[in-house]
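**Student:** Please see the structure below; I have some questions.
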Amino acid sequence: MKGLVFLLGLLPTIYASLVHITPASEDDFYNPPAGFESAKNGDILKLRNSPNRLASFYFPIDVKNAWQLLVKSEDSFGNPNAFVTTLIEPYNADPSKVVSYQTWEDASNINCSPSYGAQFGSPLSTITTQIDMTLIVPPLRSGYYVVTPDYEGPKATFAVGRQSGQATLDSVRAILKSGSFSGINEDAKVALWGYSGGSLATGWAAALQPVYAPELQKNIVGAAVGGFAANITAIAESVDGTIFAGLITLALNGLANEYPDLKTAFYEELSDFAVPEFKAGAENCLAENIFHYPLHQYFTGPKRAFEKGWGLLKEDIFNKSIQDNLLIGLNKTYLPQVPVLIYHGTVDEIIPIKDPHAQYQLWCDWGIESLEFAEDLSTGHLAETFTGAPAALAWIDARFDGKTPIQGCSHTTRLTNLLYPNTSDSTHSYFLGIYQAVFGTPLGPGINGDNITINSGLLGLVSSII
């Protein structure tokens with residue numbers, strides 16, 4: 001039995017080694033057409049069916065449709081760009097409800113983009129996207145359309161808040177114009193959701209919306225942010241020298257992709273021995289970089305990569321780019337106008353809870369209309385990904401159902417966010433969704449759970465290999 005389980009666990013890796021899907025960097029679809037600069041932000045520049053089936057933890061999922069859209073947007077400086085967003089239609093979809101899910105891509109290479117990593121047959125390097133896809137399955141089971149944008153944009157600007165938030169909003173604009181092929185209503189309700197790196201994009205989208213996309217306020221019913229990345233400097237301080245140290249070179253390269261002068265400055269300050277791993281951070285996806293560089297010290301310790309230590313980040317060229325990307329550094333103009341849920345583990349080992357606390361207090365002091373903080377006393381960053389998901393799903397369901405959100409601010413602590421109100425159905429949906437994805441059940445409401453298709457789940461994986 002153990003041998004069978006081991007073999008089944010290897011099947012996704014075996015399949016990925018046998019199939020080749022075109023990386024984003026080699027796919028012309030990602031390149032905007034001539035003259036795209038004149039298009040409006042949120043316009044659809046290109047459209048195609050997903051080149052391959054989508055997968056959840058490397059098992060192909062059965063959905064009615066999946067499209068890729070190339071969407072017009074702009075970078076942090078107002079320069080036009082274009083990014084890909086993936087739109088998924090479940091069976092028996094409700095055209096009035098869409099979840100915009102921002103993945104924790106956390107990488108500075110376009111070949112780590114969710115539009116590529118979510119495809120069946122994507123390489124093992126994109127495993128974090130495949131894990132993240134397990135969170136997309138429950139909304140699909142509920143009949144919600146799901147859109148997941150490559151919010152880091154064509155330059156893969158991990159940790160760059162404005163680019164990430166704007167792309168998230170332009171993705172929403174695009175899908176609200178997609179009715180001719182997707183069936184989505186122009187006045188559809190949209191819930192934003194993201195965890196960890198995805199919370200950075202989601203939080204910035206909620207903050208930028210009143211200024212960047214004011215017309216979307218009538219559509220966006222709320223934003224759920226978990227493992228809330230409000231302060232990127234504090235995250236670097238938290239992970240330097242720990243098993244998660246590889247996050248640092250990913251984030252620094254992401255910032256440097258948006259600020260070219262920053263990359264030159266980083267290399268001038270790097271110790272010679274650290275240059276190869278800094279370059280690797282520009283190529284690796286999240287899991288690979290974490291695996292290769294645990295316990296490395298970049299700003300602390302006697303053999304740190306940057307001799308100046310944390311003092312380096314106080315120098316003008318570094319400090320400005322970092323300050324530009326601190327959500328907590330925005331002024332009151334960017335107070336979210338939609339309900340917000342923050343869910344976070346008290347003992348989060350990557351994103352210290354003091355920073356989500358500070359962001360919560362700031363927004364409350366500014367008079368936010370609805371802000372709920374669900375603190376989980378028992379979990380760290382990784383565990384809260386999954387124990388907090390049912391709370392986010394229950395909260396999103398309530399927003400779609402038109403239930404009145406928290407008025408003003410509310411901060412609650414629980415032993416676990418699995419005890420969040422009305423999570424029994426969403427917890428069941430989450431774990432049943434994993435089961436159904438593995439065994440190939442079509443995703444959508446009113447679907448017979450025994451209706452397994454040969455092209456999806458475990459059977460689809462085996463048949464593809466055979």
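The backbone N, Cα and C atoms fix where each Cβ goes, and this holds for glycine too.
Checked Swiss-Prot, it gives:
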- SER196: active site, charge relay system (ACT_SITE)
- ASP348: active site, charge relay system (ACT_SITE)
- HIS381: active site, charge relay system (ACT_SITE)
- CYS112-CYS285: disulfide bond (DISULFID)
- CYS364-CYS409: disulfide bond (DISULFID)
- ASN231: N-linked glycosylation site (CARBOHYD)
- ASN319: N-linked glycosylation site (CARBOHYD)
- ASN331: N-linked glycosylation site (CARBOHYD)
- ASN422: N-linked glycosylation site (CARBOHYD)
- ASN451: N-linked glycosylation site (CARBOHYD)
- 1-16: signal peptide (SIGNAL)
**Student:** Write down the Cα-Cα distance for SER196 (active site, charge relay system) and ASN331 (N-linked glycosylation site), rounded and given in Å.
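**Tutor:** Rounded to a whole number, the Cα-Cα distance is 23 Å.
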**Student:** Count the Cβ atoms, other than its own, that fall within 10 Å of the Cβ of ASP348 (active site, charge relay system), considering every protein chain shown.
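**Tutor:** If we count other Cβ atoms within 10 Å of ASP348 (active site, charge relay system), we arrive at 24.
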**Student:** Using only C-alpha positions, which one of SER196, ASN231, ASN319 is spatially nearest HIS381 (active site, charge relay system)? These are the recorded positions in the record.
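**Tutor:** Nearest candidate: SER196.
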**Student:** Whole-number Å distance between the CA of ASN231 (N-linked glycosylation site) and the CA of SER196 (active site, charge relay system)?
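**Tutor:** If we compare the Cα positions of ASN231 (N-linked glycosylation site) and SER196 (active site, charge relay system), the gap is 11 Å.
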**Student:** How many whole Å apart are the CA atoms of ASN422 (N-linked glycosylation site) and CYS285 (disulfide bond)?
**Tutor:** 36
**Student:** Going by Cα-Cα distance, pick out whichever of the disulfide-bonded residues CYS112, CYS364, CYS409 is nearest to SER196 (active site, charge relay system).
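**Tutor:** Closest by Cα distance to SER196 (active site, charge relay system) among the disulfide-bonded residues CYS112, CYS364, CYS409: CYS112.
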**Student:** Which one is it, among the recorded positions ASN319, ASP348, CYS364, CYS409, that lies nearest to CYS112 (disulfide bond) by Cα separation?
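**Tutor:** Closest by Cα: ASP348.
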**Student:** Name the residues of the same chain, 6+ apart in sequence, whose Cβ is under 8 Å from the Cβ of CYS285 (disulfide bond)?
**Tutor:** ALA107, ASN109, ASN111, CYS112, GLY117, SER125, THR126, ILE127, THR128
**Student:** Whole-number Å only: compute the distance from the Cα of ASP348 (active site, charge relay system) to the Cα of CYS409 (disulfide bond).
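**Tutor:** The separation of the Cα atoms works out to 22 Å.
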